[in-house]
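Sharing a structure with you now.
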Amino acid sequence: MSAPLPGIVITGASGRMGQMLIRSVSENDRMRLAGAVERKGHDWVGRDVGEAMGGAALGVTVTDDALSVFAEAQAVIDFTAPAATVEFAHLAAQARLCHVIGTTGMEEQHLAKIQAAARHAVIVRAGNMSLGVNLLTLLTEKVARALDAEYDIEVIEAHHNRKVDAPSGTALMLGEAAARGRGVALADVADRGRDGITGARQTGDIGFAVIRGGDIVGEHDVMFAAAGERITLRHVASDRSVFARGALKAALWGQDKAPGEYDMIDVLGLRD
Ligand SMILES: NC(=O)C1=CN([C@@H]2O[C@H](COP(=O)(O)OP(=O)(O)OC[C@H]3O[C@@H](n4cnc5c(N)ncnc54)[C@H](OP(=O)(O)O)[C@@H]3O)[C@@H](O)[C@H]2O)C=CC1
Ligand SMILES: O=C(O)C1=N[C@H](C(=O)O)C[C@H](O)C1
């Protein structure tokens with residue numbers, strides 16, 4: 001008899017990523033959809049998640065009781081909001097299932113709680129789950145290491161008009177990679193908001209610029225600008241399925257790992 005397929009729970013089921021993940025999990029023959037979670041009072045709670053999405057029934061009823069579905073599953077994929085993710089991390093640690101976190105906009109207080117939860121369960125967290133962006137972080141680090149501070153580093157990101165956090169999680173990942181390449185701490189050199197008489201750019205700063213508009217899925221440039229030349233590394237996501245693909249891979253990868261916090265570089269086997 002073959003082993004049962006790992007059961008996957010999706011939180012924030014009605015969201016842009018939630019719906020993409022429900023579709024991806026239910027179409028994947030290496031896993032089964034084990035639950036769909038929405039917040040208390042949401043009008044999807046109590047409905048079949050496939051029907052709530054406007055399609056065929058999937059045999060999974062949306063619940064607001066996360067722990068009840070976590071207890072019967074092997075992984076939860078969570079693209080929601082920082083406060084919700086901290087709560088889910090606590091429940092996932094209780095149920096000892098793998099928690100894949102795509103949520104961005106985390107502050108220190110959220111990260112500390114997630115780190116505590118990772119003592120009891122596997123957590124895979126990344127501001128961007130796509131293969132392309134994770135490769136781009138490695139390239140960014142390498143280019144930043146090769147160039148001196150005469151090359152001004154600017155990270156430019158563009159997203160849809162519903163996005164609530166800025167700079168994006170991906171932009172911050174790329175900024176961290178550039179800072180690592182330079183051998184500095186991003187917190188010491190990040191320039192995140194320019195407006196008015198800002199003074200000239202400080203040598204060594206890593207600047208961030210943010211665009212919000214329409215239905216842009218996610219675009220990121222890392223620019224290295226010097227006198228007489230400019231290098232730009234670019235990633236363009238045109239479909240959210242690239243994020244879902246990485247998240248599903250992470251959920252399977254996490255099944256036999258020891259408790260701890262991991263990222264997509266671990267999942268993709270790209271760590272030196
Ligand atoms: N790491 C990656 O690769 C990617 C990360 N993201 C990140 O994922 C997150 C979600 O993005 P997106 O899908 O576009 O956002 P949406 O706003 O479309 O979806 C968020 C979902 O989470 C739900 N939610 C919020 N709080 C709770 C809660 N307490 N309990 C249950 N559900 C809750 C929302 O419900 P409600 O509508 O009721 O508020 C909503 O359904 C963002 O942080 C985004 O930056 C996005 C794409 C890729
Ligand atoms: O909110 C989004 O949409 C996205 N968020 C992530 C981020 O903050 O970088 C990843 C992706 O760019 C889409």
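Glycine is treated like the rest: Cβ placed from N, Cα and C.
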Besides GLY12, ALA13, SER14, GLY15, ARG16, MET17, GLY102, THR103, THR104, ALA126, GLY127, ASN128, MET129, which of GLU38, GLU150, GLU154, GLU157 does TrEMBL list for that NAD(+) site?
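Of the residues offered, the record points to GLU38.
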Where the record says GLY12, ALA13, SER14, GLY15, ARG16, MET17, GLU38, GLY102, THR103, THR104, ALA126, GLY127, ASN128, MET129 bind NAD(+), what is the longest distance in Å from one Cα to another among those residues?
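Max span of the NAD(+) binding residues, Cα based, is 22 Å.
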Are any of the binding-site residues GLY12, THR103, HIS160, THR170 near ligand 1, with a Cβ under 6 Å from it, and if so which?
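Only GLY12, THR103 meet the Cβ criterion.
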What does the structure give for the C-alpha distance between ALA126 (NAD(+) binding site) and GLY169 ((S)-2,3,4,5-tetrahydrodipicolinate binding site)? Integer Å is fine.
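Between the Cα atoms of ALA126 (NAD(+) binding site) and GLY169 ((S)-2,3,4,5-tetrahydrodipicolinate binding site), the distance comes to 8 Å.
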Suppose the (S)-2,3,4,5-tetrahydrodipicolinate site is HIS160, GLY169, THR170. Which further residues of the same chain have a Cβ inside 8 angstroms of that site's Cβ centroid?
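Other same-chain residues near the (S)-2,3,4,5-tetrahydrodipicolinate site: THR104, GLY127, ASN128, GLU157, HIS159, LYS163, ASP165, SER168, ALA171, GLY218, HIS220.
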